[in-house]
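Report on the structure given below.
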Amino acid sequence: MDAYVALEGGHVVEARGRVPGSTRGELVFTTAYTGYEESLTDPSYEEQVLTFSYPLIGNYGVREDRFESDRVHPNAVVARELTDEVVEWLDEEDTPAVDHLDTRDLVTDIREGGAMKCGIAVGEDVTEQDALDELDACKGMSEHTEIGEQVSVDEPEHHEGAEGGVDASVTLIDCGAKGSIVDSLNERGADVDVLPHDASVEDVESYDTDVLFISNGPGDPANFEATIELVDHFAGEVPLAGICLGQQIVAEALGGTTEKMDFGHRGVNQPVMDVRTNQVVMTTQNHGYTVDEPGETLEVTQFNVNDDTPEGLDNDELDIITRQYHPEANPGPNDSLDFFDDVLAMTDSAATQTTVTADD
Ligand SMILES: NC(=O)CC[C@H](N)C(=O)O
């Protein structure tokens, strides 16, 4: 099968076609060496084309219990070598895939030129021009203004917490949540109500919310206007938590700003320094935007050792805690799982705060 990958600027790379189809998206890379099932089902990769820099992908098969959602999210997959088992899965999912190209070159291009638009054409009779046509039609990430709609639940879902743990109710705003975030909260005893990304203040008020939690998700945080409004409304009234896109949305809502990074952070060994404990943890990451200015309300409590970008934002008085990386791991290290304990620890002070508001 022929395969062509057209990069922003018009350079076309030839590859071996594994799964046929034509598509486009933002070309990004992850350096994770395991965890392809988790990455490929992570909704934050929606509208992107995922390149694996690790040369062999699929060597331990495909198991559904490792999926982070019910489908593959990247529009296409690029690797040096894909196993037949992964190819079969991607074929079932209608996700075009290519291999046998020099991914070292491609990753170098992305590191130098930044995450870029790309077009992909795979099939018996495809041409370079087909890939270039896809590239022409490719939108930038921030132009996907309805991306929340593509990944969020349509109707609320309830996930019961384990017996004997923390007695708390978390309202999770689903901007494209990974399943492991719900699992991490359920395992600690918390019930989780998952609401659509555009839930209103009234929707949230109809739940018994001890913590309002903003999930990870794809695209530009500025396109999640309804969620930004929710955070603006509930900050100080209920404890707030956020992961990845969630951190960016919380920052946007509370006077901070976000910006697009050159090629982002995607991998499972990103070092993060905690300024309070003076300790470094290894983290899993998958983001192309970052908080630029945190604003007056939020304090940067953790930063990336490689490039100083904010990795953790807190406001102890208002009970707000967010992380840019993925404490739930999957894939990657479990060093920061205690984030979920810290989030649920805020529920004690929640009672006091709600009473104060009610008395006012
Ligand atoms: N994993 C995420 O939540 C990603 C957040 C956002 N879409 C970004 O690229 O920065």
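Each residue, glycine too, has its Cβ placed from N, Cα and C.
Annotation comment: TrEMBL describes CYS244 as active site, nucleophile. Residues or ranges marked as active site in TrEMBL: HIS326, GLU328. If you look up TrEMBL, you'll see SER44, GLY217, GLY219, LEU245, GLN248, ASN286, GLY288, TYR289 marked as L-glutamine binding site. Here TrEMBL flags 1-121 as domain 'Carbamoyl-phosphate synthase small subunit N-terminal'. According to TrEMBL, the region 'CPSase' annotation covers 1-170.
Annotated features, which come from TrEMBL, shown on the structure.
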residue : record                   : DSSP class
SER44   : L-glutamine binding site : helix
GLY217  : L-glutamine binding site : coil
CYS244  : active site, nucleophile : coil
GLY288  : L-glutamine binding site : strand
HIS326  : active site              : coil
SER44 (L-glutamine binding site) and HIS326 (active site), distance between Cα atoms, whole Å: 11
Listed in sequence order, residues not in SER44, GLY217, GLY219, LEU245, GLN248, ASN286, GLY288, TYR289 with Cβ within 8 Å of the centre of the L-glutamine site Cβ atoms: ASN216, PRO218, ASP220, PRO221, CYS244, HIS287
Distance-selected recorded positions near ligand 1 (C-beta under 6 Å), from ASN286, HIS326, GLU328: ASN286
Inter-residue C-alpha distance, CYS244 (active site, nucleophile) and GLY217 (L-glutamine binding site) (nearest angstrom): 7
Between TYR289 (L-glutamine binding site) and GLU328 (active site), the C-alpha gap once rounded to whole angstrom: 19
Most distant Cα pair in Å, residues SER44, GLY217, GLY219, LEU245, GLN248, ASN286, GLY288, TYR289 binding L-glutamine: 13
Site of maximum Cβ density within 10 Å, from binding-site residues GLN248, ASN286: GLN248
Of GLY219, GLY288 (the binding-site residues), the residue whose Cβ has the fewest other Cβ atoms within 10 Å: GLY288
Integer Cα-Cα distance in angstrom, ASN286 (L-glutamine binding site) to GLU328 (active site): 12
